[in-house]
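Presented below is the structure to which this report refers.
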Amino acid sequence: MNSFQFLVAVTASLGGLLFGYEVGVMNVVLVMDSFRIFFRFHEWKGKAIDEVGESTDDASKAMYRDLEEKGNKAFLEGVITSSFVLGALCGALMATYLGEKFGRQRTIMVGACIFTCGAIIQGSSIRSSVMIAIGRLITGLSIGCNGVLCPTYISEVAPSNLRGTLSSCYQLMTTFGIIVASLINALIWYKTNRKPEEISNLEWRLALLLQVVPGLGLATLMCFVPKSPRWLCSKDRDEEAVEILAKLNAASTSDAVVQEELKAIQEDVAATRAAGSSSFGELFSSVIRRRTFITFLMQLFQQWTGINVIMYYQSQIYSEMGFNKVMSTVVLPNVNNLVNFVSTFQTLLVIGSLMMMVFHLSTWACSKLTGGKKDANGKFIEQPIKGWQYAAVASVFLFVFSFAWTWGPVPWVYQAEVFPLRVRVKGSAVGTVSNFLNNWIIGFVGPFLMKKWSTNTFILFAAASFLAWIYSQFYVIECKGLTLEEMDAKMAGKA
């Protein structure tokens, strides 16, 4: 692999950074006092609390504002958070048509511009959850579309022996985006939420408007990467395709490797045309339907492991365990996000699902053993046991570690590689739609689950992880090293 191939793949992977930044920014914004008050999640009557969360009238001890939660908090939080994923669901459905008609590269570039517009709407929202929800829906359209096309584009420009590795860069960039957003916005929170002084809405507006930077960055960089040679051949632009293949391989257009790749693409395109235009119905033919169901279920189980409840609401989860605001908003989320990023370098489903189940159960057990008691307003009247607190947090970190190198990247790599060129974008769209549909459900019900079940919610995710293990052990087919013909035979149950 040469440097140009690497740079092209990494540039397209920045679509994942946008996704990660959006997830990371909301975890912090949702616990910013000014955001909670502005959108009427809470109200503040001028009271303050000290470092351990107890009410105080002593100005020297006052550390944080004492907010009173309103009854509609869980609903509004669910609507604002899940509207992004609803937009992503719609974007994934549109990706098939747009990617085929206008090409992967151009559609990704336009998608980044749409993301930027959505970020501006979020950051300039009036005092209505509707406007910020619309802004998040618009950014979701971009992420959903690019979630289909970025891994597909990478798989079409990457050398075959490194296709899986480079396709997983999308997930790696997603975790990196979460880290960047979490660090930047944790600093904003720390600067503006310590000491109960006058509230400024600049903090959450700045946090959301900063999304413009990666959005414009991706749009600009995509101007300098080539179109997919496979897409060009499908549009009878073979001369352009061979020029791009030559550049990707750092060779001349007459080079044997370049001509061999071009011939393979042309034969694939010719076979596709001979069979007629593809349709979604073809995804359920005897040869392809198994990989369609594998892809759909793989993304479903990815979401029901509970990863995005943790990533969206982790600050509130740590607070529920009894940690103070600095620990739950600044320190622990950033440690967890770093674990998530560092762990995204290996892939294996079966072991990952078992590890996730174990660590969900240990999180639940340790949180129960902390022993902290709360009053009717959710304030701790008996402080939790520190040892069990940190054991519960360690279990959350270990769950994220287990997810990040297994169920995080594998579904995206699998769906980008497993389908024939003829239905590749449509097949990838099915997986992405499954991801965002279940992400939307979990994002919407997450606040209700945490409010009603508290840390008992981890038992639900442990059960889902156990089902994911059964599924990956007995239904998923390993396709590494198989030719397309061998893959077809296995998927059709003939091998």
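Here the Cβ of each residue, glycine as well, is placed from N, Cα and C on the backbone.
Keep in mind that TrEMBL annotations are predicted by a computer and have not been checked by a curator.
Positions annotated as domain 'Major facilitator superfamily (MFS) profile' by TrEMBL: 8-480. Here TrEMBL flags 74-95, 107-124, 130-149, 170-190, 293-313, 345-366, 387-408, 428-450, 457-477 as transmembrane segment.
Two recorded stretches are said to be in contact when at least 3 C-beta pairs lie under 8 angstroms, sequence spacing 6 or more; the transmembrane segment (387-408) and the transmembrane segment (428-450) fall short of this definition.
Between the transmembrane segment (457-477) and the stretches 130-149, 170-190, 345-366, it is 345-366 that has the most C-beta pairs under 8 angstroms. When Cβ distances are compared across the two stretches, the transmembrane segment (130-149) makes contact with the transmembrane segment (428-450), since 3 or more pairs at least 6 residues apart fall below 8 angstroms.
For the transmembrane segment (293-313), the residues of the chain that approach it from at least six positions outside its boundaries are 23-24, 26-27, 30, 81, 178, 336, 340, 353, 356, 360, 396, 399-400, 403, 407-408, 410-411, 414-415, 418-419, 427-428, 430-432, 434-435, 438-439, 441-443, 446-447, 449-450, 457-458, 460-461, 464-465, 467-468, 471-472, 475-477, judged by C-beta separation under 8 angstroms.
Computed over the domain 'Major facilitator superfamily (MFS) profile' (8-480), the whole-number mean pLDDT of the model equals 87.
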